[in-house]
Every structure is written in C-alpha cells, then in structure tokens.
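Chemist: For reference, the structure I am asking about is given below.
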Amino acid sequence: MEACIMDGNTKKCGAVSGLTTVVNPISLARLVMEKTPHIYLAFDGAEAFAREQGVETVDASHFITPENIERLKQAKEANRVQIDYTQPITKDMKKETPTADGDSQIGTVGCVAVDTHGNLAAATSTGGMVNKMVGRIGDTPIVGAGNYANSLCAVSATGKGEAIIRSTVARDVAALMEYKGLSLDEAAAYVISECAPRGTAGLVAVSATGEVTMQFNTTGMFRACASEDGYSEIGIWPNSMQN
C-alpha cells in the first residue's frame, strides 16, 4: 500500500509506499511529514518507522482476502496488470502482453479540503494495481503526480498510475492556475482531456476560494463533495448520466 499527504500552505508533504502491515497508510505519511526531515519512506524503512511511531499494524495476512486472491488469479490468467475492482476477466480472453487495463473505479481513496482561511490540503491512499511487479510504485505517493497542494488548489488523482505520473496530473492543474491564470475547473478540464490519455485518469480538486471540481476521462469515478453551507454531491457516472 502507498499514500501521500500535502499541506498547501507550507508545501510540507509526506509519502510512503511498499507497506504490508500498516492499517492506515495515510496516517504514516503524515508522521513522515511531521516527524522526519524527509518526504518519502518506503518498504522496510517505512515499516520500521511505523513500528517506532506506534501506528496501528496487523499481520500482512489480514489484507489477503478471497476476493483479492480471485482478482489476482484472473489478472494472471489474462497476463495483464489491472486496476483494482476492474470487471472480472472471462477465462477465454485472449492472452495479451501485460498492460495496465480496466476502468478507474475505486482502487484509490483521495481527499482534498479547504478551511475558512483558504488553507488547502490533499491526501491520497491506494493499494496499487492487481498483478503489479514486486517493487512497483504508482502515482499516489509521488508528489505532483497523484497528489499535490499549494496556495491555489489541492488535487488528488486516481486511475492508471503510469499515465498519471507521465502527465504529472496533480501538479499540472496547479501550474495552469499559477502560470496561465486559469480557474480550477478550466485547469482540471484541460489536464484530464488533453494531458492524460483517455481512460486513464480522474481527479477531485478544490481551490482556495472553495471552488470544487471532480473530473475524469474514464467510464466513471466514485466521487463526492460537501461544503459547510449544506451543499453536497455524490456521483459515479458523468453528470449527464446521473438520475
């Protein structure tokens, strides 16, 4: 598992990856941000830091479920890497070269927030992809790819990690606001439609003024937002398809 958290006001951030026993990776990422001189800890070092800090851990077998075993079995049979919660693969599917396949749905959990003073924060956590190579690291813990916050906006991305890393999705949204003067919605729309290949990415983002955008170029994206004035929105499919 891997995670990243970032404070937009200070640009302080923390990230972890290669976790197998930590119950809440985002909590460990925050401790990396607050308690160490570093930004990113991974694998054995991250696990050792977790034990040192006394965060909640369980035996790695806790995360091995029949459902996950079946997903891995299906992915191996199809010889492909896929996003968690991709639709099951039929057993007679033609063998193909390993590629990242499947729609982005609920493999990643991300959150962005702004307070009454305009301070922004972003946090993202994921289990990665099914049938990934040992040692593979996705976009989630990479600052500027799957997670980013500054004084203008906070962004959390989800989807196919390799595509999100190549497109520096989260940072590009902020950069378009900073250097081109675009609104949050305009910047996110450009990155999702023009930078990230179709079917690879989605994001939730909020600006310092409270503007919210939730955009994706996949079939759907589980998403929600809420504001202090009582407004809320929950969705899966494009807005035009919502009932």
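For all residues, glycine too, the Cβ spot is worked out from N, Cα and C.
Sharing the feature lines straight out of TrEMBL:
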- T108: active site, nucleophile (ACT_SITE)
- R136, I137, G138, D139, T158, G159, K160, G161: substrate binding site (BINDING)
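Any idea what these are sitting next to in the structure?
Modeler: Within the same chain, residues at least 6 positions away in sequence whose Cβ sits under 8 Å from that of T108 (active site, nucleophile) are T124, S125, T126, T140, G146, A157, T158, G159.
Take the CB of G161 (substrate binding site) and look out to 10 A: across all protein chains shown you find 30 other CB atoms.
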Chemist: By the count of other Cβ atoms within 10 Å, pick out the sparsest of the binding-site residues R136, K160.
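Modeler: Checked R136, K160; of these binding-site residues, fewest Cβ neighbours within 10 Å: R136.
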Chemist: Within 10 Å of the Cβ of G138 (substrate binding site), how many other Cβ atoms can you find? Include all protein chains, please.
Modeler: 25
Chemist: Select one residue from I137, D139: among these binding-site residues, choose the one with the most other Cβ atoms within 10 Å of its Cβ.
Modeler: D139
